[in-house]
Amino acid sequence: MSTGFFGDIQKVRYEGPESDNLLAFRHYNADEIVLGKRMQDHLRFAVAYWHSFAWEGGDPFGGRTFDRPWFSNEIDAAKLKADVAFEFFSLLGAPYYCFHDADVRPEGRNFAENTRYLNEIVDIFEKKQAETGMKLLWGTANLFSNRRYMAGAATNPDPDVFAFAAATVKTCIDATKRLGGENYVLWGGREGYETLLNTDLSRELDHMGRFLSLVVEYKHKIGFKGTILIEPKPQEPTKHQYDYDVATVYGFLKRYGLENEVKVNIEQGHAILAGHSFEHELALARTLGIFGSIDMNRNDYQSGWDTDQFPNNVPEKALAYYQVLLAGGFTTGGTNFDAKLRRQSLDPQDLLIGHIGGMDCCARGLKAAARMLEDGALSKPLDERYAGWNGEFGKRLLSGLSLDQIAGEVEAKDINPQPKSGRQEYLENIVNRYV
């Protein structure tokens, strides 16, 4: 049954690259076979409940710009929001969605009321998933918006806040499991510090390690089969966040013995804030064996902060999905659009148009990445660049020779290496041919 919010807009269909219909896919064809698998199953698109239905269009200099009938802290408004959200999911045709607890329920007076509200909405989600075929990619707890978390959740100096946050995560894992969620995400927006003058760094890291260990322990206790994911971000809202980037998260996981239990959910915008490319973070996660899922968006190239815009740069997406394919593709993860409308984009159809453009951009990137992989366009030059290490001397350097033996061979054989071109321009031109 239609809520009327989207008017007479019909379900979005694939019409091909020649279509000029703004409410149709030009490149995302869910059933198209890419590398032996349906495009839908490669990309595993998800809609973010928070940006799509909870964000009000405000910024640091101005308040709400969006006029949505569900903007109130009442359970009936939350139910209307759920109706509109699932209508949107059905119109768009993305197979998954993601949510924080605070996105979907009103803020209660205490933990018990929050839990009751959440369970009431989960009852509704269960029915709607059965009716629509929608699936939950991941759930998470909002441990950063409420003022109780101003000094962190897992890293808060007050043990009562730690306990409240842990109890909240428990209820959110329960909800995620009940809805068949395939992952559970932890993002530490307030896990960090504004100044070291009032921060016990060692204690806070240990507390965060304890918190994550509790999550993993509970996952196994209740038989939740999904993947636990950490989402790295270097700053914003906190000046310095402990889950700075993939490398930092990996070091943290190793320190607390959790590297085989937890993977990463990598967001493009967060990678940029950390001084990396999206491609870099994906490649490193793949190399370290902790790649899990992605939050797809982009930052404004000029502003220098996390703007969460819909992706529109196909070469960037081609290189990103190239790394995803090298990792073997998604298992429990997927492509969640952690992207929001601009605050002047007021019309309901803008929400569809933003997602359609993002899905088309990702589809083009995936197809380009698949062709590069099939043709060996990047792997062949890479193999040539490192070919010397496959020879007898290269193998001995890595496994048999001591430092003094290496020095002896360099002198005896008069080894005098000359640099070879890295061919960066050639490789960049190859990528552009495929996109």
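Here the Cβ of each residue, glycine as well, is placed from N, Cα and C on the backbone.
The record from Swiss-Prot ties GLU231, GLU267, ASP295 to Mg(2+) 1, and of the options ASP338, ASP347, ASP350 it ties ASP338 to that site too. Working note on the recorded positions ASP103, GLU231, GLU267, ASP308: by count of other C-beta atoms within 10 Å of each C-beta, GLU267 ranks first.
Excluding the listed site residues GLU267, HIS270, ASP306, ASP308, the same chain places LYS233, GLN268, GLY269, ILE272, LEU273, ASP295, ASN297, ASN299, ASP338 with Cβ atoms within 8 Å of the centre of the Mg(2+) 2 site Cβ atoms. Cβ neighbour density within 10 Å is lowest for ASP306 among the binding-site residues ASP295, ASP306, ASP338. A 10 Å radius around the C-alpha of HIS270 (Mg(2+) 2 binding site) takes in these recorded positions out of HIS100, ASP103, GLU231, ASP338, in sequence order: GLU231. Same-chain residues at least 6 positions away in sequence with a Cβ under 8 Å from that of HIS100 (active site) are, in sequence order, TYR49, TRP50, GLY139, THR140, ALA141, ASN142, CYS172.
Excluding the listed site residues GLU231, GLU267, ASP295, ASP338, the same chain places TRP187, LYS233, ASN265, ILE266, GLN268, GLY269, HIS270, ILE294, MET296, ASN297, ASN336 with Cβ atoms within 8 Å of the centre of the Mg(2+) 1 site Cβ atoms.
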